[in-house]
Amino acid sequence: MSKAMEPDLHNPLGGARGQAADKEWNHPSNHWLRGFVLDNRAALGTLGVFIVMMAVFMFANPTVFTTWYLYSSVLTTLPVALFVVVPLVFVVTCGEIDLSFPATMGFASWVFALVVQAGYDPFLGIAAAIVTGTLLGFLVGSLVVYGGLSSLIATLGMNFLLRGLIQIINEGKSTALTGLADSWAYKIFSSQIYGIPVQIFWAIAFVVFSALLYNRHRFGAQVKVVGDNPDSAKQMGIDVKRVRVKVFVFVGIGAAIAGTFSVMINFTWWPTAGDGYLLPVLASVFVGGTPTWGGIGTVVGGAIGAVTVSFIQTGVVAAGLSGFYVQFFNGLIIILSLLGHKWNQARYR
Amino acid sequence: MGERIIELRDIKKSYGQVYALGGVNLSVDRGEVVGLIGDNGAGKSTLIKILSGVVKPTSGEILVRGKPVSGWSAARSRDAGIETVFQDRALAVQQTIVRNIFMGRELTGFLGWLKVGKEIEEASRLMREIGFTSKVFTPQSIVGQLSGGERQGVAIARAIYKQAELIILDEPTTALSLTETAKVFHFVRQVRASGRSILFIGHNIHHVFDIADRFVVLDRGKVALTADRSEIKSADELINFMEDIAHPGGLPGLHEASGAEQRA
């Protein structure tokens, strides 16, 4: 055996070794368009689903789908979802899940409402809300990571716990913020420019920043590695626990911004603020093409997923179907997306 | 050969009453491939753990570049330029080659933003250095698309990037086919050519025989044989020797060295 394999072993990689050593890398995806498609197949797949869905809606009811009002209303509420969908992509990539963000949205926006109601500048309220979100994210993250708890159950528990706390203290009463409309903060974060809700610009900026954070920053690189192979990451000197806590803090910050935006849309804080976002936001992450097993994901895909999910509800009603169809179509889109992504993605683990 | 990278003198390790290692001497010189052979339970993994500083020896002396080191630890081992490549759990398979090479030591600029271009450039250089070039893959290919031998190449490139002087390959070819093994050997030869050292651990004697400059046979916690490549005519001679220490009786002089008194 040893004699037979000798020539192979001394001349491995075939005879082309000499020339190959000097040659530049040559990749099937060398053409920029092909490479781009391969690298972004999940996000592009999601975009495809969205376009097909919109085409169906437009075909069903052309008049409603060419009126600006429909888009304007989606663009007002969509940013709220985007601010939590994007950090959740980081959490899922890291191999965790966070179901506590609705309560964090409610809690942080409550702090915002309290500060504004007390007569302080709304900017100060936003800052206070973000600090609250950061602390809550750190609390939830530490509980999961240092407490060694399952993130699925622990964050579910924290969602109930924090929401319960809000309800106990407020006894179900909402807070109206009457002076908010005249403030600078409202003009900057919640008004309209040429009929376009200004929130969407902030949300797009957040998505772009987060996509860069995900793909072009040490944080994103470490989140992916930790979600992919925590043993290896640890061996290579990455503080795995710290990275995990950080993704929960990121969700806390995103939830605080989202909660504040939702209060600014309605000028009122409700003790249930954020509750309705739990399932649509989770659906958006997975419709967007981030798989459940961790290690990979797509921020832009998640954002397109959020757009898709936002349009389902509006679209179904506007297309002339009754509200009873909304859940059915939600489910249909989720299942079809998952099937599409399964076919579209190679799985290496 | 050149400078002595590391030397273990009379290393003993006992777990309670049981001796895992009963006085092992081992040294690795610069630019040398040492093949460490031994059956399961011979003490190979204990020896690797001691070299990488994860396990502390019960007694014995460790010398780095000729100087005795006190307080041997994982950090000391890393400072001495010793890097262990484990077969399975080393790589994040859904990430690119670049991300794996720079795992935990990303090349960053302002505020932690990645220097992507520089990373790709550096990864290409490292991979060329170990002869890992391909028309099919680039540094931005996903590790999951690579074969077993090529994955070892990524792990070796990463070890080199970490300034490793001595790379310990723990059973790098055990699960690999012939062609894949050939690829790993190619990388190992390139690493040796660059003046670094390799401790190649395996239990397939044919594999170790083809690549090593020197052989160390471990048996029940003791060094049963140390021999240069030139002293051994063929792999069969090594196999015969191994069989002999496993079933003593053929050559009476040899199994004394296997340390019968330490077996208790």
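Heads up, the Cβ atoms here are built off N, Cα and C, so glycines get one too.
No curator has checked TrEMBL annotations; they are predicted automatically.
For A:1-21, the entry in TrEMBL reads region 'Disordered'.
Positions annotated as transmembrane segment by TrEMBL: A:42-62 (among others).
If you look up TrEMBL, you'll see A:68-92 (among others) marked as transmembrane segment. Sequence-distant contacts of the transmembrane segment (A:68-92), counting only residues of its own chain at least 6 positions beyond either end whose CB sits under 8 Å from a CB of the stretch, comprise 98, 101, 105, 151, 195-197, 199-200, 202-203, 206-207, 210, 214, 220, 223, 227, 247-248, 250-251, 253-255, 257-258, 261-262, 265, 277, 280-282, 284-286, 288, 290, 292, 294, 297-299, 301-303, 305-307, 309-311, 314, 318.
Beyond the transmembrane segment (A:99-120), the same-chain residues lying 6 or more positions past its ends with a Cβ under 8 Å from any Cβ of the stretch are 84, 88, 126, 128-130, 132-133, 136-137, 140, 152, 155-156, 158-163, 165-166, 170, 175, 177, 179-180, 251-252, 254-256, 258-260, 262-263, 269, 271-278, 281-282. Annotated transmembrane segment per TrEMBL: A:99-120 (among others), in sequence order.
Per TrEMBL, the feature transmembrane segment maps to A:189-214 (among others).
According to TrEMBL, the feature transmembrane segment maps to A:247-270 (among others).
Here TrEMBL flags A:290-312 (among others) as transmembrane segment.
Residues or ranges marked as transmembrane segment in TrEMBL: A:324-343 (among others). Same-chain residues lying 6 or more positions outside the transmembrane segment (A:324-343) and placing a CB less than 8 Å from one of its CB atoms are 42, 45-46, 48-49, 53, 280, 283, 286-287, 289, 291, 305, 308-309, 312-313, 315-317.
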- Note on the structure: Per the Cβ filter (under 8 Å) with a sequence gap of at least 6 from its ends, the transmembrane segment (A:290-312) is approached by 40, 42-43, 45-47, 49-50, 53-54, 57, 74, 77-78, 81-82, 85-86, 88-90, 92-96, 207, 210-211, 214-215, 224-225, 227-229, 280-281, 283-284, 326, 329-330, 333, 337, 341, 345, 347, 349
- Task: State the non-local partners of the transmembrane segment (A:247-270) in its own chain: residues 6+ outside its ends, Cβ under 8 Å from one of its Cβ atoms.
- Result: 76-77, 79-84, 86-88, 90-91, 94, 96, 98, 101-102, 104-110, 112-113, 125-126, 129-130, 132-138, 140-141, 144-145, 174-178, 180-181, 185-186, 189-190, 199, 202, 206, 223, 277
